[in-house]
Amino acid sequence: MSKKTIVSMAVIRRLPRYHRCLEELLKNDIKRISSKELSERMGVTASQIRQDLNNFGGFGQQGYGYNVEELYNNLTKILGLDKTYNTIIIGAGNLGQAIANYTRFEKSGFNLKGIFDINPRLFGLKIRDVEVMDVEKVEEFIANNHIDIAILCIPKDNAQYTADRLVKAGIKAIWNFSPIDLKVPDDVILENVHLSDSLFTISYRLNEEELFKKLKGETVKVDG
């Protein structure tokens, strides 16, 4: 299990989308926006937006809508993006290297401090000035560098064992890209990300119409 939340996960998962939308509005010099206009941009009902934001105090003004900069700044604080977090990556393969090279995370306050792998041929490799190290050194590194978040990009066979080591070393949050749902203590924050899920959703939607045509054409046989 992962750490319990006060606000529902459905609401929490919409917050980054609101934040991203507001960031684009600011870039386009839009100062205020109504919940109706925001809903059209987001594909979420205006009522849902108001309900979501009311979990944190509301922020809107009747007849005015939302002050874009004020709401953006409030969501930045709510999402904890006004703080910085020390992160490590476990697994320096293609996915691990891609995440390490994604500079947007650093701009959002997620500072990459170390990369670890089991492959000796990768030891010493530098990705954006961060050196790949032996995973056997990870516990000591966590203790000495106050690491907040571990990003797991390794095969599923070693994922749970590695997660157990990370938790024991004091990691309080794991972003898991390994193709397995990890189990962690209740006080550890866990996000399991299965990249194939989104692709499978697309494949379903591509075949949905054909599927239901077949279902409508089938007859139900009753024994007896």
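The backbone N, Cα and C atoms fix where each Cβ goes, and this holds for glycine too.
Since the structure is predicted, the reported quantities are computational estimates derived from the model, not experimental observations.
Feature annotations, reproduced from Swiss-Prot:
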DNA_BIND  17-56  DNA-binding region
BINDING   G91, A92, G93, N94, L95, G96  NAD(+) binding site
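Feature map: Swiss-Prot annotations on the structure.
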{"residue": "G91", "record": "NAD(+) binding site", "contacts (Cβ under 8 Å, 6+ apart)": "F116, D117, L152, C153, I154"}
{"residue": "A92", "record": "NAD(+) binding site", "contacts (Cβ under 8 Å, 6+ apart)": "A100, I115, F116, D117, N119, L122, L125, I127, V132"}
{"residue": "G93", "record": "NAD(+) binding site", "contacts (Cβ under 8 Å, 6+ apart)": "D117, C153, I154"}
{"residue": "N94", "record": "NAD(+) binding site", "contacts (Cβ under 8 Å, 6+ apart)": "none"}
{"residue": "L95", "record": "NAD(+) binding site", "contacts (Cβ under 8 Å, 6+ apart)": "C153, F177"}
{"residue": "G96", "record": "NAD(+) binding site", "contacts (Cβ under 8 Å, 6+ apart)": "I89, I90, I115, D117, I151, C153"}
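Residue counts for the DNA-binding region (17-56) under DSSP, split into helix (H, G, I), strand (E, B) and coil, are 28 helix, 2 strand, 10 coil. Close to the recorded NAD(+) site, the chain also has I89, Q97, A98, I99, D117, C153, I154: residues not among G91, A92, G93, N94, L95, G96 whose Cβ is within 8 Å of the site's Cβ mean position.
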